[in-house]
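Just below is one structure, and these are the notes that go with it.
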Amino acid sequence: MFFSKDLPSPTSVFTAYASMAGYMMMIRSMAHELIPAPLQDFIYRTLRSLFFRSSSSTLTLTIDDDNMGMNNEIYRAAQTYLSTKISPDAVRLRISKGHKDKHVNLYLSDGEIVNDVYEDVQLVWRFVTDGGDKKGGGGGVGGRGGGGGRRGGMDDDGKSEYFELSFDKKHKDLILNSYVPYIESKAKEIRDERRILMLHSLNSLRWESVILEHPSTFETMAMEDDLKRDVIEDLDRFIRRKEFYKRVGKAWKRGYLLYGPPGTGKSSLVAAMANYLKFDVYDLQLASVMRDSDLRRLLLATRNRSILVIEDIDCAVDLPNRIEQPVEGKNRGESQGPLTLSGLLNFIDGLWSSCGDERIIIFTTNHKDRLDPALLRPGRMDMHIYMGHCSFQGFKTLASNYLGLSDAAMPHRLFPEIERLIDGEVMTPAQVAEELMKSEDADVALEGLVNVLEKMRLKSKESNPVMMKQKESRLEMEEMRLKSDTEGSPRKNSKRFKKLVLFWT
């Protein structure tokens, strides 16, 4: 039994607490001044492992971004995957939004835990920040580190950030051989969905990029349905045949040659392909490249899952013949010669073509007949796509895009007339689109298109070689008649000459 006289007084308790707090503050200050920071971290981790040792049946994997000086792909995959697993009950999160991002990104802050289940196995993810005063974060969807600003396992403040994955030891093989590949696969799908397409162009032999926001899609392309379907099926087949290309010993790439008159949608088709596949686009201007070595360096700097476009390949640059004379004063092993056709072809289907996966190479030209035969060799450009004048099917697509018209229920009264007039090589899709944009009223826009089509067809007939020959023959006959009619009055000859001029014009 205790008596009140045995208890210390409140004053003595407060005095003892104040003395102890003072000693603790003094010891802490001395420790910070005398013990180096790395040793402090070591002592902290040791005490933490002693007092907070996990169960002997639990295995914890540490996933750091630093992989022997290189980025750890598993860390990046976990970062992306966990961004979709954040619990609504989370109490500490961080957000970010880069200038290229379309949405706000959520990611974990220091100490936050995410629970996951894989094949009935319970897993616990935890993001940890060691050292430094600034809190880190993880689970972001970008390619940056957990805190949003570092690239390695430790940031500029000496702060180490990593993920901890804890689970029962007996499931180690399942986690390493099945769960980790599953995370990498899911992260790739998430990045593809959220990927911001970029358009890269040359500036002083360096790639500069801007966000690609071209609205063209296969749904809005003024193409024949059969051709559109063939292109989509070819792209799908290319994407899913990675193992096939490896088995047959070919580089995982695809080449397309787009040819046809100007204004037929070649550039729009490139943008539609990029939007469909979620591929970046590299616009290569060969006139800016002086040597084969520069071309090789530029092409090696392109990313996988990208489209390389060389527009107007027939007139972009005059490429020398593939058999080049060695440059005087240069060693044979140096690649300092001028840009050659062989250098370009070597990257298309030569030894350098194997550098990179999921690459699409597109050449465009207005004049296929002017191309070097080496570019048209079978197997070099896998698919030749003719982008011709606007057909009635293409017109209906444009009418739906620009005027909201559809022939599914009740076609417009002018559709039959337009179908008759647009048949043949009369107008390009760009010309048709220009006419449809002149008015928001469908009747006015289509009537204007009919008038233009009639004029274009008349002009086409007049420029027909057969008709031109007939006109020239009649002109010669009229001239001979004027010369031979010397007895005719000047007024009569003048009238005949006026008729001749009117006929010719």
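Every residue, even glycine, has its Cβ placed from backbone N, Cα and C.
The annotation transmembrane segment is assigned in Swiss-Prot to 11-27 on the grounds of sequence analysis.
If you look up Swiss-Prot, you'll see 136-155 marked as region 'Disordered'.
According to Swiss-Prot, the feature compositional bias 'Gly residues' maps to 137-151.
In the three-state DSSP scheme, Gly265 (ATP binding site) falls into the coil class. Using a 10 Å Cβ-Cβ cutoff, Gly265 (ATP binding site) registers 24 neighbours. The annotation ATP binding site is assigned in Swiss-Prot to Gly260, Pro261, Pro262, Gly263, Thr264, Gly265, Lys266, Ser267.
Of the chain residues outside the ATP site list Gly260, Pro261, Pro262, Gly263, Thr264, Gly265, Lys266, Ser267, Asn366, Met387, Thr428, Pro429, Ala430 have their Cβ within 8 Å of the site's Cβ mean position. Within 10 Å of its Cβ, the residue among the binding-site residues Gly260, Pro262 with the fewest other Cβ atoms is Pro262. In the structure shown, across all protein chains, Gly263 is the one of the binding-site residues Pro261, Gly263 with the greatest number of other Cβ atoms within 10 Å.
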